[in-house]
Ligand SMILES: NC(=O)C1=CN([C@@H]2O[C@H](COP(=O)(O)OP(=O)(O)OC[C@H]3O[C@@H](n4cnc5c(N)ncnc54)[C@H](OP(=O)(O)O)[C@@H]3O)[C@@H](O)[C@H]2O)C=CC1
Ligand SMILES: CC[C@](O)(C(C)=O)C(=O)O
Ligand SMILES: [Mg+2]
Ligand SMILES: [Mg+2]
């Protein structure tokens, strides 16, 4: 049963609005978990990378996998054993565990938690990195068990890379209020977040509900769905207009990473400032048009996430053996962009901006719409920022590795399903808009013979960009992150 939908509106709003930025003085490293036995269920994208960080932070980490994964020496078994972790069956590992980290795919959570729970010792703690099972499926956990969430706002690969750089990724933590029998859930979640490096990048004390509703919205829209939509449409347009396919392929595959890198340093303002004045004004206007066209789709995704229609649809697909997910994955693999090969020509960093005005506009429109839609639904600006602007470059990095295949492989199955759902609606939605697109905004850039602009128009555009609420909260949060980095 959908737990969120069982709550009265007053509590729904209270939970959605839970979000406070924690000060680094509130953390005491991994002390609370020192000497405790941490057992991770599953060794995939999050499982492996979080486990490596937790062990490097001085904690006792081992893995439990389903019997078949051990017997068949599957990838998860190899991930754990080749990295020197103890691995065992549920019966061998769970009865002595103090903290069990459920890092299996969301669709398996009901099965996994049902199998794991009876083997857990009295008073132990069960942790998640995404609250879907609790919020959307209403999983009831044994009363003596504490239930917490530590949700990194990043793919597993970046969780590890940032830790190795001596830092971490922003993380949401929460305690399931119905399962905090010893009153120490928050201390456990804080120590777990510190063990992954999250406390060095910024931790939001949130709720299972706020995490689920914001995470689903971010991944379906700007983080994955929008980048997939943009990749398909921009590539097709360039080919239609006679741009060399190797150039088009390269502009897109590496373009998302290059233009969104600017977001990390100075948000949308900095990304737009990378364009010359006429390109910036053109880009701004395109983004405004895109926002008008796509706003109803963003609203639909938010409404379906809030009301439960999204999770109901996805769970029906789980029951149907992932028929839709697998079909969409196959279709994505057959798109012209995915089959294209990047050329070996050089594209300078600046050229990605100059010749990718439409891509910049799609990023701007997608980030702002996702942020605006989440905030309008009751999600706090800090969470909305992490789930829109902050994480976009981290996902864009995955496309530069192996295109959409890599992005959809690295993200969770839940995110992958939502990505296809959005892209399959957004590509046709933008069909008419794309008919009017020429190579000046994708592929070749504006003619450089006249760089003049109207002063007032430029001032208005700059003001609008800089005063968007995502820029205001973003500046504050990036300031915290820079301050933390300089302390280390
Ligand atoms: N992917 C990401 O970057 C992010 C994921 N999350 C969340 O983290 C959690 C884990 O996701 P993710 O890392 O993507 O998962 P993966 O798909 O990468 O890994 C799944 C692991 O679980 C194991 N597994 C699968 N089915 C079962 C089962 N029925 N019983 C036991 N083990 C099983 C797999 O091993 P095997 O099949 O070999 O048994 C594999 O080791 C999810 O809740 C997700 O929402 C949160 C933030 C980001
Ligand atoms: C953006 C997708 C994500 O939410 C993530 C990496 O944060 C996921 O579920 O994989
Ligand atoms: Mg996420
Ligand atoms: Mg997710």
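Each Cβ is built from the backbone N, Cα and C atoms, and glycine gets one as well.
Predicted automatically and left uncurated, TrEMBL annotations should be read as such.
Record features (TrEMBL):
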- 11-206: domain 'KARI N-terminal Rossmann' (DOMAIN)
- 43, 44, 45, 46, 66, 74, 76, 106, 107, 108, 156: NADP(+) binding site (BINDING)
- 130: active site (ACT_SITE)
- 207-339: domain 'KARI C-terminal knotted' (DOMAIN)
- 215, 387, 391: Mg(2+) 2 binding site (BINDING)
- 215, 219: Mg(2+) 1 binding site (BINDING)
- 343-484: domain 'KARI C-terminal knotted' (DOMAIN)
- 412: substrate binding site (BINDING)
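Only 219, from the binding-site residues 66, 76, 107, 156, 219, place their Cα within 10 Å of the Cα belonging to residue 387 (Mg(2+) 2 binding site).
Closeness to ligand 1 is met by none of the binding-site residues 107, 387, 391, no Cβ falling under 6 Å from the molecule. Residue density at residue 156 (NADP(+) binding site): 24 other Cβ atoms are found within 10 A of its Cβ, drawing on all protein chains shown. Mean pLDDT of the predicted structure over the domain 'KARI C-terminal knotted' (207-339): 98. Taking the Cα atom of each, residue 76 (NADP(+) binding site) and residue 391 (Mg(2+) 2 binding site) are about 26 angstrom apart. For the binding-site residues 45, 107, 391, a Cα-Cα cutoff of 10 angstroms around residue 219 (Mg(2+) 1 binding site) retains 391. Here the candidates are the binding-site residues 43, 45, 156, 412. The one whose C-alpha lies nearest to that of residue 391 (Mg(2+) 2 binding site) is 156.
Ligand 4 lies under 6 Å from the Cβ of the following binding-site residues, listed in sequence order from 156, 215, 219: 215, 219. Spacing of residue 45 (NADP(+) binding site) relative to residue 412 (substrate binding site) is 8 Å (Cα to Cα, whole number). Separation of the C-alpha atoms of residue 215 (Mg(2+) 2 binding site) and residue 43 (NADP(+) binding site): 21 Å, rounded to the nearest whole number.
Taking the centroid of the Cβ atoms of 215, 387, 391 as the Mg(2+) 2 site, the other same-chain residues with Cβ within 8 Å of it are 153, 214, 217, 218, 219, 223, 383, 386, 388, 390.
Shown for the domain 'KARI C-terminal knotted' (343-484): DSSP residue counts in helix, strand and coil, namely 105 helix, 0 strand, 37 coil. Fewest Cβ neighbours within 10 Å among the binding-site residues 219, 391: this applies to 219. A sphere of 10 angstroms centred on the C-beta of residue 387 (Mg(2+) 2 binding site) encloses 27 other C-beta atoms. When the alpha carbons of residue 43 (NADP(+) binding site) and residue 130 (active site) are compared, the span between them is 16 angstrom. The DSSP secondary structure for residue 107 (NADP(+) binding site) is helix.
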